[in-house]
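Enquirer: Attaching a single structure in structure tokens format; questions to follow.
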There are 2 protein chains.
Amino acid sequence: MTELSITRLSSTQEDFDLQLEKLLAWESVSDVKVNQIVDDILSEVKQQGDAAVVTYTNRFDLTSADTMQELELSSEHLAQAFAGLPEVQRSALEKAAQRIRHYHEKQKSDSWQYTEEDGTMLGQKVTPLDRVGLYVPGGKAAYPSSVLMNAIPAKVAGVAEIIMVVPTPRGELNQLVLAAASLAGVDRVFTIGGAQAVAALAYGTETVPKVDKIVGPGNIFVATAKRAVFGAVGIDMIAGPSEILVVCDGQTDPDWVAMDLFSQAEHDEDAQPILVTPDAGFIDQVEESIRKLLPTMERKEIIEVSLRTRAALILVEDMQQALEISNRIAPEHLELSVEDPEVLLPLVRHAGAIFMGRHTAEALGDYCAGPNHVLPTSGTARFSSPLGVYDFQKRSSLIMFSADGASDIGGVASVLARGEGLTAHARSAEYRIKN
Amino acid sequence: MTELSITRLSSTQEDFDLQLEKLLAWESVSDVKVNQIVDDILSEVKQQGDAAVVTYTNRFDLTSADTMQELELSSEHLAQAFAGLPEVQRSALEKAAQRIRHYHEKQKSDSWQYTEEDGTMLGQKVTPLDRVGLYVPGGKAAYPSSVLMNAIPAKVAGVAEIIMVVPTPRGELNQLVLAAASLAGVDRVFTIGGAQAVAALAYGTETVPKVDKIVGPGNIFVATAKRAVFGAVGIDMIAGPSEILVVCDGQTDPDWVAMDLFSQAEHDEDAQPILVTPDAGFIDQVEESIRKLLPTMERKEIIEVSLRTRAALILVEDMQQALEISNRIAPEHLELSVEDPEVLLPLVRHAGAIFMGRHTAEALGDYCAGPNHVLPTSGTARFSSPLGVYDFQKRSSLIMFSADGASDIGGVASVLARGEGLTAHARSAEYRIKN
């Protein structure tokens, strides 16, 4: 590990802006071959339904199903998975689910309306989506916490039916994932994955019901398929690699900060852990902790690549400058590892989630703090939000004019419509003007 | 016009579901040639900035600018456009802007937080986007109402800077559009359009500042470019042709209903006007009104194609069934042209905007009722919402654990993290557990 070299930057170096830009640069490669494979799968499932899904599942997951029915898990199966967990895991899942539910209930929007003097009513009706598809990756990257984070907000929103898909490569089933599905109230589970599962959810088959929106993470085939079906159904954001930005005053235990950086780095070789601090000595201390702790980590190979290729230790002049740089990065996870984080909060303009104070490890937010762990990556926090109940509700405008109101406003509409050359609009409004 | 034939369907006919599906089928053709042209333009603007934008603008809009500066309009220019309008137009625009602003102010979300017994604070911080790009089509389809509907919600959200782009083919400037921009508080206006304008907004050039989100309608090149830059910036929905569904009890003046159908049909030959009623005689009456009124319409050629190829008059058994069909269609605009629309409202699950009662012409909503006229089309009201203030705000989760809270919950996070094989996550949480 002695050769491990982590990028160091200083806000005072001449080419800082350029170096920061290079550090953050990330573009997911859109692969022509992947696009072609996905397009073929989508169109076959659209045409042939169940038969195509079964064929692709047997081919890619090395299963041997004859019918789509064999690829559905009963709710008893899920309940058994939950009941069969060791007590400590069951109660940890329950505690997490309860906190997630409680937090997300605060996000629920209600319909509203108001009535004007002439009796005209305006408002907005808020309704849940009818049916949502939840993609859960199979194999090693199967995360029960993702099931809770995606399914619970949908249930809180009032979504009537959640259809989960999870591939089972070589028949491998993750009991924790099934237990989480049971706990979160997932309605049906199919053991399918890849572009074929996305297609089944987007278009519907004889057995898999068509959904209104597909959420949840997946590999490049899943992401490409989601992008392709967007419009036919809604989708959540397509996530880039995970990132953490730790802003520290230099007074947190450097081992804690090193481990917080590791907790992003262990996700993925492309994950991006960054430390920003005004304390040059602290950068040395954290780097020392990194060297000391890295050999003890189970996923040290992944962490090491992430640190070597994507990490940075950034020296700034003061905390104000640290926050300016944070806003430029618009990180997925922002840790304010300082004594009084509330003083800094007003300076934060763009971040997916803000972890305030030395005790608030980002990892707590991944599992059980309550807020969602599905967060905008790659700077998209500039314009997007954590997954939430609002992603499973939609709004309809309400407009009810009284006869007087329509007569009164009809003239305005008529003038504007004629200004745009749309005379049917104008005449439709004019009909409602009283003589 | 005697040969005009409008599709008639009845919910009792055997193949009704199939016929309804065929009627609604709409797929925007993704054109390989358009994709290639757009990709080239995007990459040239990304590389060469202003120079590429000027070159493309001169080529496509037949202008002769030497520099990007010549393609910016001053705010004095906009103010003069507003001041120069006839009084009746100026006051109509002002009235519309005021009603739109008032309605959208109700949509503004605020930050919230709560504190648990052990001092742990959870919440959500709501902030506006920094900078938004607004695309406005040029030439004939230049709609001042679109400027108000896109810019006002952004301003209500607190967006600091709105950059508008509007092409001026052969130098043609629409004074109403500029006046609306001035009234809505648009900050800067560039007279550029097409994929080159989308690229300039998405990537930024020496002169055009990079934005965080691009909204507003455009032709196939604009829509393709928006889809391509999605991820680098946010975008609004990519709209299909406009639609109206009139649900009528048979007691509204058939001329009114015919004109309401025309007001969608005149937008576009692909626009879709549909009437659903349990009154067979009323269908005949509306068709008679259509035949009578069509020859008097300025845009009768467009209306006629829309009626012939995309419209339908649907007979149902009762109002309950009418609403079931409406929910299957999930229309952009739903008119409940009945005596007591509030009785029907609970039955409406999916619609972009609901126009309640005989006096509430859809056209009122297009201009000045208050709610937004940018609405989900092609059945996407199943999972999406009208453009609103919420599209210009984003949220950051807030998590601040007390030392006790972090110690308490750390064990839960640790169990779940170890269940997922993520030991850096577990150890990061465990550091915060008190001995």
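A Cβ is built for glycine as well, from the same backbone N, Cα and C atoms used for every other residue.
Straight from TrEMBL, here's the annotation block:
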type: ACT_SITE; residues: A:E332; note: active site, proton acceptor
type: ACT_SITE; residues: A:H333; note: active site, proton acceptor
type: BINDING; residues: A:Y135, A:Q196, A:N219; note: NAD(+) binding site
type: BINDING; residues: A:S242, A:Q264, A:H267, A:H333, A:D366, A:E420, A:H425; note: substrate binding site
type: BINDING; residues: A:Q264, A:H267, A:D366, A:H425; note: Zn(2+) binding site
Enquirer: Widest Cα span across the NAD(+) binders A:Y135, A:Q196, A:N219, in Å?
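Expert: Comparing all Cα pairs, the maximum is 13 Å.
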Enquirer: Please report the distance from the Cα of A:Y135 (NAD(+) binding site) to the Cα of A:D366 (substrate binding site), rounded to the nearest angstrom.
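Expert: Rounded to the nearest whole number, the Cα-Cα distance is 18 Å.
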Enquirer: Let me check the 10 A CB neighbour count of A:D366 (substrate binding site). How many other CB atoms are there?
Expert: 29
Enquirer: Check each of the recorded positions A:S242, A:E332, A:H333, A:D366, A:E420, A:H425 and report back the ones whose Cβ is under 8 Å from some Cβ of chain B.
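Expert: Contact set vs B: A:D366, A:E420, A:H425.
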Enquirer: State which of the following recorded positions has the fewest other Cβ atoms within 10 Å around its Cβ: A:H267, A:H333, A:H425.
Expert: A:H267
Enquirer: Taking the Cβ of A:S242 (substrate binding site) as the reference point, list residues of the same chain whose Cβ is under 8 angstroms away and which are at least six residues distant in sequence.
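Expert: Listed in sequence order: A:Q264, A:H267, A:D268, A:A271, A:Q272, A:E332, A:H333, A:T377.
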Enquirer: Within 10 Å of the Cβ of A:Q196 (NAD(+) binding site), how many other Cβ atoms are there?
Expert: 28
Enquirer: Taking the Cβ of A:E332 (active site, proton acceptor) as the centre, how many other Cβ atoms fall within a 10 Å radius?
Expert: 29
Enquirer: Around A:E420 (substrate binding site), which residues of its chain at least 6 apart sit with Cβ under 8 Å of its Cβ?
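Expert: In sequence order there is nothing to list, since no residue at least 6 apart has its Cβ under 8 Å from A:E420 (substrate binding site).
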Enquirer: Looking only at Cβ atoms, how many others are within 10 Å of the one on A:N219 (NAD(+) binding site)?
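Expert: Excluding its own Cβ, A:N219 (NAD(+) binding site) sees 16 Cβ atoms within 10 Å.
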Enquirer: Could you round the CA separation between A:N219 (NAD(+) binding site) and A:H425 (substrate binding site) to a whole angstrom and send it over?
Expert: 48
Enquirer: Cβ neighbours within 10 Å, counted over all protein chains: which one of the binding-site residues A:Y135, A:Q264 has the most?
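Expert: That would be A:Q264, with the most Cβ atoms nearby.
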Enquirer: Substrate site residues A:S242, A:Q264, A:H267, A:H333, A:D366, A:E420, A:H425: biggest Cα-Cα distance, Å?
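Expert: Of all Cα pairs among the recorded substrate binders, the widest measures 55 Å.
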Enquirer: Starting from the Cβ centroid of A:Y135, A:Q196, A:N219, the recorded NAD(+) site, name every other residue in that chain with its Cβ within 8 Å, sequence order please.
Expert: A:P137, A:V165, A:P167, A:G193, A:G194, A:A195, A:A197, A:V198, A:G218, A:F221, A:V222, A:A225
